[in-house]
Amino acid sequence: MGKIKSAESLRGIACLSVVLSHLSLVFYPQMHNFYKSNLPVSPVLQVIHDSPLSFFYSGTGAVFIFFCLSGYVLSASIESAQNKLKKIRVSIIKRYPRLAIPAILSCVIMWVLICFFDVNLNNVSFWFSSSVYKNYGFFESIYYGAVESFLYGEAKYNPVLWTMQIEFFGSILLFTYLLLNIFENAVKLSFGFLFLLFFDMNAIFLLGMLSFIVGAIIRMSKVTASPRYSYCVLFLGLYFIGVHDSSVSYTLFYDLAVSINPTYVAYVYPVLNFLGGLLIVLSVVKFNIMSRFFGSDFFNYLGKLSFSIYLIHFSVIYIFTIPVFNYLSLLNVGFWYSSLLVVVLTFIILIPFSIIFEKFVDAFSIKISNLIAQKAY
């Protein structure tokens, strides 16, 4: 089955949002405002934080889009297969090596960078400096990339790998759901019981898992909408993923949660990001909204690179972005000029590095996973 252009393009754009989210956490934590920082503040950043426009740097919203798209694309692949049962079995076998090989290499790359380059992290946010784990071991980095990140969502070596747990188990849950759909009479009872097993998990894990099923449902549904309603769905989704705990644009939701039960406040952020992610996916891949934009070759290629960008951008920030920022600071270039410059340069330098990673690591993982599946069958 060929790639679904709108889904690939949306994945690429969402990946850029993750990178921008982390860059804003490095230099402009005020835009997130979930912890105090000694870095300069700006009324402009405060306005952005308090507005619904913060969707463009919503890392959490972006990963929910990833999860929903994975459910959509994987179910489309199985739906198009002649022997669906065999396709599901093969997909289960392929999934772990497909995800694990790039994840392991991303940890090894970070290990090399930490070992040989002692970057000064005093000029950036505490969030980034505390996220860099410096007690590195080569074999331990492999172990964390191969095991800890998938079983427990441990992100000690590469902070973005917390999503691998959801990506892997969400895929298995999706394949189980699709398998049960083959035996239609059993699906409601069996899947309902299976889904109940996850209700004692944390909200992001539970909603991330559910996103895979929602993606499959979107793929299988025949829902349509006029362009006017399609844009309403898209804008509502963008509004939802712009949520931040202290943003005045979302006070209504937090006040409502408090009025029902104060403990529900903790669920506002993940639930709105979950709802926003599925609405955006629905509007783009099902309603075919802005098809010319999302069907462009540039964004489609960006989608091809998205997994590589996602896995290595933290390393690029460590080895390129922060050293350049430190150098500009030594030259007495102002904080705002130097930080904005390195943010732009990061996106420029990240693309060629991602192309290399995609060609030699990501594509290799696809070949290996296909080979393993062939040997198994």
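Glycine residues also receive a Cβ, built from the backbone N, Cα and C atoms like all the rest.
As annotated by TrEMBL, domain 'Acyltransferase 3' applies to 8-357. Taken from TrEMBL, the feature transmembrane segment applies to 12-35, 55-78, 99-121, 133-153, 160-180, 192-217, 229-252, 264-285, 305-328, 334-357.
The transmembrane segment (160-180) and the transmembrane segment (133-153) are in contact, since at least 3 Cβ pairs between them lie under 8 Å (pairs 6 or more apart in sequence).
Over the domain 'Acyltransferase 3' (8-357), the average per-residue pLDDT in this prediction is 92.
Within the chain, the transmembrane segment (55-78) has long-range Cβ neighbours (under 8 A, six or more residues past its boundaries) at 1, 4, 7, 10-11, 14-15, 17-18, 20-22, 24, 31, 84, 87-88, 91, 163, 166-167, 170-171, 174-175, 178, 204, 207-208, 211-216, 218-220, 238-243, 269-270, 273-274, 276-278, 280-281, 285.
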